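S.K.: First the structure, which I've put down as structure tokens, then a few questions once you've had a look.
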Amino acid sequence: MRIGLYPGTFDPVTLGHLDIIRRASTLVDRLVIGVAINRDKGPLFSLEERVAMLEAECAAVSAETGTEIVAHPFENLLIDCARDVGASMIIRGLRAVADFEYEFQMVGMNRRLDDSIETVFLMAEAEHQAIASKLVKEIARLGGDVTPFVTSQVRAALVDRFGPPQMNAAQ
């Protein structure tokens, strides 16, 4: 069984994340979404909320692709999480050159820690390259409409936190 690990904070999960999840699920038999517990980032959504959002959003992808997709919180080293879940590959999405530079360094470190686990990069589709969870939260906080960047469920969760979009936010 081919198991892949797609790690991230997913605060919140975006259409870009879901695109990578959908495409990654065609490469493996089981896709583990590693939900990072990163206390330094101070997430907007709790771990439980992020896991619940991912599980809800991934159910349709799993049904579509036939791949088992599970959310798995982790707080240890990424390579240790990969070992814990039996992953033979770590899947990372790339949006820009800056992402590649960071990921290139991480691959080198992970290979030194365990050279049996490969890293696979999937390029973000053009329409998702500018999407970042940090920017989505900022748009929502400032009263903008996040509809182009997240699903309706995630948009509703952001509206619960920040209120509805303001009509003049884009002006």
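Quick reminder: no glycine exception, Cβ is built from N, Cα and C everywhere.
As annotated in Swiss-Prot:
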BINDING   Thr9, Lys41, Leu78, Arg92  substrate binding site
BINDING   Thr9, Phe10, His17, Gly93, Leu94, Arg95, Glu103, His128, Gln129, Ala130, Ile131, Ala132, Ser133, Lys134  ATP binding site
SITE      His17  site 'Transition state stabilizer'
S.K.: Considering Cα atoms only, can you say which of Thr9, Lys41, Leu78 is the nearest neighbour of Leu94 (ATP binding site) among these binding-site residues?
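M.R.: Smallest Cα separation from Leu94 (ATP binding site) among Thr9, Lys41, Leu78: Thr9.
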S.K.: Just checking: which of Thr9, Lys41, Leu78, Arg92 have a Cα that is within 10 Å of the Cα of Glu103 (ATP binding site), counting only these binding-site residues?
M.R.: Arg92
S.K.: Among the binding-site residues listed here, Thr9, Gln129, Ser133, which has the most company in the form of other Cβ atoms within 10 Å of its Cβ?
M.R.: Ser133
S.K.: State, in Å as a whole number, the widest CA to CA span among the substrate-binding residues Thr9, Lys41, Leu78, Arg92 given in the record.
M.R.: 19
S.K.: Within its own chain, what residues at least 6 apart in sequence put their Cβ under 8 Å from the Cβ of His17 (ATP binding site), listed in sequence order?
M.R.: Gly8, Phe10, Gly93, Ser133
S.K.: Enter the number of other CB atoms within 10 angstroms of the CB of Lys41 (substrate binding site).
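M.R.: Lys41 (substrate binding site): 12 neighbouring Cβ atoms within 10 Å.
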S.K.: Pick out which of the binding-site residues Leu94, Ile131 has the most other Cβ atoms within 10 Å of its own Cβ.
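M.R.: For the binding-site residues Leu94, Ile131, the Cβ with the most other Cβ atoms within 10 Å is Ile131.
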S.K.: State the Cα to Cα distance, in Å, between Arg92 (substrate binding site) and Gln129 (ATP binding site), rounded to an integer.
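M.R.: With distance taken Cα to Cα, Gln129 (ATP binding site) is 13 Å from Arg92 (substrate binding site).
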S.K.: Give the helix, strand or coil assignment DSSP yields for His17 (ATP binding site).
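M.R.: In three-state terms, His17 (ATP binding site) counts as helix.
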S.K.: Where does Lys41 (substrate binding site) sit by DSSP, helix, strand or coil?
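M.R.: Assignment for Lys41 (substrate binding site) reads helix.
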S.K.: To the nearest whole angstrom, state the Cα distance for the pair Leu78 (substrate binding site) and Ile131 (ATP binding site).
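M.R.: Checking the Cα atoms of Leu78 (substrate binding site) and Ile131 (ATP binding site) gives a distance of 23 Å.
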